[in-house]
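According to TrEMBL:
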type     : residues  : note
DOMAIN   : A:73-287  : domain 'ABC transmembrane type-1'
DOMAIN   : A:410-619 : domain 'ABC transmembrane type-1'
TRANSMEM : A:17-38   : transmembrane segment
TRANSMEM : A:69-102  : transmembrane segment
TRANSMEM : A:114-141 : transmembrane segment
TRANSMEM : A:147-167 : transmembrane segment
TRANSMEM : A:197-218 : transmembrane segment
TRANSMEM : A:266-290 : transmembrane segment
TRANSMEM : A:310-342 : transmembrane segment
TRANSMEM : A:362-385 : transmembrane segment
TRANSMEM : A:406-435 : transmembrane segment
TRANSMEM : A:461-493 : transmembrane segment
TRANSMEM : A:598-618 : transmembrane segment
Amino acid sequence: MTAQLTTGWREKGIRSVWLAAALIAASSVVFILGYLLLTSLPIFFETGIVGFFFNTDWNPTGSTPSFGIAALLIDTLLVTFGAMVFAVPLGLMAAVFLAYLAPPKLRDIVKPAIELLAGIPSVVYGFFGMIVLCSFLQQTLDMPSGFSWLAASILLGIMALPTIVSVSEDALFAVPKDYNEASLGLGATKWQTISRVLVPAAASGISAAVILGMGRAIGETMAVMMVAGNAAVIPSPIWDVLSPVRTLTATLGIELAEVASGSMHYYALFGVAAVLLAITLGVNLISVWITKRIKTGRPLVSMPAAARRILIICGMLIAFTAGIVILGIGPTLLAAAVFAGFFLLRDRVSHKVAERAAFGVIYAGTALVVATLIIILADIFIHGLPAISWEFLTTAPRDLGREGGIFPAIVGTLQLVGGAILLALPVGIGAAVYLNEYSAGTFLTRLLRTGNDLLAGTPSIVFGVFGFAFLVIFLGWGVCLLAGMICLALMILPTIIKTTEEALRSVSPSLREASFGLGATRWQTIKNVVLPSAAPGILTGTILSIGRAAGETAPIMFTAVVFSKRFISPDLFEPVMALPFHLYVLSTSVPGAQTQQYGTAVVLICLVLLIYLGAILLRTHFRKKLI
Amino acid sequence: MTPILSTRNLNLSYGSKQVLYDIDLPFEEKSVTALIGPSGCGKSTLLRCMNRMNDLIADCKVTGEILYRGEEIMNSDPVLLRRKIGMVFQRPNPFPKSIYDNIAYGPRAHGTKDAKTLDNIVENSLKGAVLWDEVKDRLHESALGLSGGQQQRLCIARTLAVNPDVILMDEPCSALDPIATTKIENLIMDLKTKYTVIIVTHNMQQAARISDTTGFMYLGKLIETGTTGTIFSNPKEELTERYITGRFG
């Protein structure tokens, strides 16, 4: 009798299925990146690198077309910077409040609520920005129109808030409780403890939060496009926040639909997409670097006290000069006096007064954050709920959406999302299982991980650009359901792979060893031990991707959707309607449809929030089952 | 001589669970008092009453008197109280800052800004905790790079920098190896020339080696207190005798 110590064909077969999934995932990642970069090459030959980046004139359809993205690049940076000016201090205040000042019960309600708001589709924020924010700015600041850098920055700031609050709160909450006791035990006040020990100890996590928020702001298309005014000019003077601006993403969103395939303009748009990819790469590299620093526990920046002092003095001088240039001498001196007064008083007033003042500011900031988010939801629901009726939900639109309902759009969204999940889920989970369970550090895994990390933060419009150029035009599918499904699937694939890998990694190695030690095969171990423990994590990741896919507009607007379609068909090569796109067209191009706009926004929010709620419930259910 | 710190009729409960019962205990100035007893007997809780660290626990209720130099501490400002009554914790807990910034943290929080003064405080505190020679060349490196024993001496130095009157130590050696423990024990005996030290320990030999007075606690009650020599050689209570001879605990 032989010992039978060779692996059976069954194990080998299963292994090759996972390998196939990983290969599909890796090749699609490589293909997208390669396709975008190769297609953008002609524009660089036409204008040269310098001409493309440093020419401020973007006029692709003029009689002598000009393709300089300097203005777009600067506008993108300005809008992002402006958003961070709002979002970082406010987000940090709310995070400090939630982590250290709020009663635990309040924290347990407010934190998930804020996280839920991260799931509201960007087109809904854009709609709110157009209807409420821009008209508010127009009236208060007496502007010809509210569409401006300021509006875009405020809106992006609001959109980045949930991410910043949630991630920095996690970092603050994870600071060892020992530090708190040690500091209080030395006779420091609670505020001194927070400001001098706890927040600095969480600095790495907080910077990661800010970077994530920035990534979200840079990659946003719809919301910015709807409120920024979209003139490809550099604000003049550069601090004129009321000037209209146009970001890189908005340029793609506006011009892709009208461009002639194969023209220089077309290649220039691919150049813009490539630049967006490069920015994403930069942001991702920074966040990887920070995460590494967090893991090794080293401070992000360490410099001697003297250098820090010089840096602070330089910063203050720059701020002072900028203040004089922007605000004039009077207000700047006043601001400087308040600032100096603050620092002089800080050590004079009793620690109790200082603490109360600081906490007062934090309470006010948190209240502002919560109030903003409540106002947005309240405005949409108060105006939108009356529009909801049986007819609205079950009939097709009439009179350009001013009458009738949104039934085809609801069905279209479900079709798109369902198809995307069917495509992305097997490949994503399979690739993650292969990466984590079968291979260790091969070329394929490195390639897939790197490409995946890069695509994970890529602005969603880039997937739209790829789908439009490759599926719609090159393959000649035209605008159709299948193209949209593929674009959405490509967009959520990196997230699914990432969250699945995280879930698999969180399964303790000792469990696997225990199973192997009992003579189980690799597949038996995966099937019976690893996957059941990782299931809640995988499910949550999947459901969050579904929510994201349901709310996205940018990847489908050029690939799958039309504004009006009376009949519902399951044909993959027919275009469909979709809720986010319907809301976008209703709010930008159909005057007099306000009720329907609000109604569509409500349905879209409810759909996405229901999906998220499902994720939360499912997670709790599985957690209970595991324990 | 009036004690520097004393409790009278001290009762403490977490929610509905009573943890300390009628503790009457005086602490003599410039001496080392050890609190011993089996785990869960309430000795750490008693220690944390002295500088109101129990305020951090939500449903903690304290009744009775705790007098510090004749003043009731429950009426004091906890922040100012903790500047007088410092604390060293069970696990070394240096801040993720440089050695220098760890020591200077307390004085800075209390408003000292002058660089020279801070330099002096840092040097003297580190010398006071017998750590200066080991770290003087790397004051601006992270405190997290120190060994466990060095970290704990850093935490003691950090407490000294605030110039307290009383130092509370909650099992300061329980996370350390024997050599580091010896160093800390020697340090504690040096400290009593200037400070009043109250130490909680589960190590009876340690209590016998370093303390002047010992209190034995059991199930939230103070069973017996007296000079360390008496407690260990000639205890009055049978419970104390059984505990120190290792028959339970």
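Glycine is treated like the rest: Cβ placed from N, Cα and C.
Since this is a predicted model, take the numbers as computed values, not measurements.
When each of A:17-38, A:69-102, A:114-141, A:147-167, A:310-342 is checked for Cβ pairs under 8 Å to the transmembrane segment (A:362-385), A:69-102 comes out on top.
Listed as Cβ neighbours of the transmembrane segment (A:266-290) (distance under 8 Å, sequence separation of 6 or more from its ends, same chain) are residues 33, 36-37, 39-44, 46, 52, 60, 67, 69, 72-73, 76, 204, 207-208, 211-212, 214-215, 218-219, 248-249, 251-252, 255-256, 259-260, 300, 453-454, 456-459, 461-462, 465-466, 469. The highest tally of CB pairs under 8 A with the transmembrane segment (A:147-167), across A:69-102, A:114-141, A:310-342, A:598-618, is held by A:69-102. As a quick check, the transmembrane segment (A:69-102) and the transmembrane segment (A:197-218) clear the bar of 3 or more Cβ pairs under 8 A, pairs 6 or more apart, so the two touch. Counting Cβ pairs closer than 8 Å and at least 6 residues apart in sequence, the transmembrane segment (A:461-493) and the transmembrane segment (A:197-218) reach fewer than three and form no contact. Residues 112, 116, 119-121, 123-124, 127-128, 377, 380-381, 383-385, 387-388, 392-393, 406, 409-410, 413, 536, 539-540, 543-544, 546-547, 550-551, 579-580, 582-583, 586 of the same chain lie 6 or more positions beyond the ends of the transmembrane segment (A:598-618) yet place their CB under 8 Å from a CB of it. Sequence-distant contacts of the transmembrane segment (A:17-38) (same chain, six or more residues past either end, CB-CB distance under 8 Å): 270, 273-274, 277, 426-431, 433-435, 437-439, 444-445, 447-448, 451-452, 454-455, 462-463, 465-466, 469-470, 490, 493-494, 497.
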